[in-house]
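Over in TrEMBL, the protein carries these features:
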- 6-25: transmembrane segment (TRANSMEM)
- 40-50: compositional bias 'Acidic residues' (COMPBIAS)
- 82-91: compositional bias 'Low complexity' (COMPBIAS)
- 203-210, 285-289, 347-350: GTP binding site (BINDING)
- 368-381: domain 'SRP54-type proteins GTP-binding' (DOMAIN)
Amino acid sequence: MDQWIFWTVVALVGLAIVAASIVVARDRRRQELERGREEAELEAPTDEEGAPAGEAPVIEDRRPEPAPVPEEPLPEPEPEVLEPAVEQPEAPRSRMARLRRRLASSNNALARALADLLSVDQLDEDTWDDFEATLIASDLGVGPTTELTEALRRDFAVDGVSDPAQAKGILRDELVRLVDPTLDRTLNLEKDGDNPAVVLVVGVNGTGKTTTVGKLARVLVAEGKTVMLGAADTFRAAAAEQLATWGERVGVETVRSHEGADPASVAFDAVAKGAEAGVDVVIIDTAGRLHTKTGLMDELGKVKRVVEKKAKVSEVLLVLDATTGQNGMTQARIFGEVVDVTGVVLTKLDGSAKGGIVVQVQRELGVPVKLIGLGEGVDDLAPFDTHGFVAGILGE
Ligand SMILES: Nc1nc2c(ncn2[C@@H]2O[C@H](COP(=O)(O)OP(=O)(O)OP(=O)(O)O)[C@@H](O)[C@H]2O)c(=O)[nH]1
């Protein structure tokens, strides 16, 4: 009996242990499942409000669509800095040296004639005639040629001609005397009160007026002066265009009008605008071609008169083409009768052995050559210098 009770108790205890183990195991399993789910929830992506993905409340989002974010603009390329097409003028000193060499290379006829003169043992009449012919060919003119030959004959008779250097020195002195170093060749660029100095550039078409205006503006700008250009050659539209192009190169303003406009009114406007802008100098380019000579001259006279209602004309520069010889002299005479020419610009002396025209034109007009053009380049204009010029035409 006691044994039966003992085994019954053992069996009950065993059953209780098994039941307890099952309960514990089931609890542990449930805890593990819950922990696993929490971890899964923590790792799952959530929406913007923090709700687990897929569990977001189904509320219609009525907020306006966010404006599309503009694409990041590509960096702008560095803007190209357009330097004004203004060129730096050559320094006057190197310009003079270069132009003198050019003069020498095209004007050594006189030097050759002198060498011929000195190469003969006996200076006879034929030799002197040849020498005179060379002077005439260089456009010195009959009067100056006779003067020069007589002076040389006299000097050579006194000093002899055995020393070529001395003979050349005598010829140089005589030429300098003819060209006349005492003439005042400075440009009158004095302002008229508050008004700018006015330079009127006249001459027959094709002599190089427009080119001279451009080159002169460049020289003046290089000297620190402020300049304005007036395109009073309204005869051809291309003339104003050509002048405006020069203005752009030099960095100065050009006052212009339409083809056929009244040249006097364009010139007046240029001076008025120049005065308003306070510039130092206004340079006016005029027409060189009209149907009649009288028409051209009347027009020039009017341009000058109208401009002078505003400001004094300080310089009237006559542009002559050195290669046209006696034709140029006729032009000089005609222009001289209509406008008071105050200075001559002799162009195209490069490639021309006609430097003698300087002497002729000065005598004819009674005014000095103030500038010379020795090429088509922008810096091929130089102030006239007697000694440099004579050295140039002697091929030195
Ligand atoms: N070799 C040389 N050519 C020159 C010189 N000066 C001007 N020229 C040239 O001569 C030509 C005529 O020059 P322009 O300045 O147009 O002459 P312009 O008197 O204004 O002529 P229009 O406008 O027709 O009245 C151009 O081809 C110039 O380049 C110079 O000193 N030497």
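A Cβ is built for glycine as well, from the same backbone N, Cα and C atoms used for every other residue.
Unlike curated entries, TrEMBL annotations are predicted automatically.
With a threshold of 8 Å between CB atoms, the same-chain residues lying at least 6 positions outside the domain 'SRP54-type proteins GTP-binding' (368-381) that come near it are 87, 89-90, 95, 99, 102-103, 180, 183-187, 208, 211-212, 214-216, 218-219, 249, 317, 343-350, 358, 361-362, 389.
Each of the binding-site residues K209, T286 was scored by the other Cβ atoms within 10 Å of its Cβ; the lowest score goes to K209.
With respect to ligand 1, the binding-site residues G206, K209, T286 contribute G206, K209 as residues with a C-beta closer than 6 angstroms to one of its atoms, given in sequence order. Secondary structure from DSSP puts T286 (GTP binding site) in a beta strand.
The Cβ of G206 has fewer other Cβ atoms within 10 Å than any other of the binding-site residues G203, G206. K209 (GTP binding site) falls within a helical segment according to DSSP. Around L349 (GTP binding site), taking its Cβ as the centre, 29 other Cβ atoms fall within 10 Å, counting all chains.
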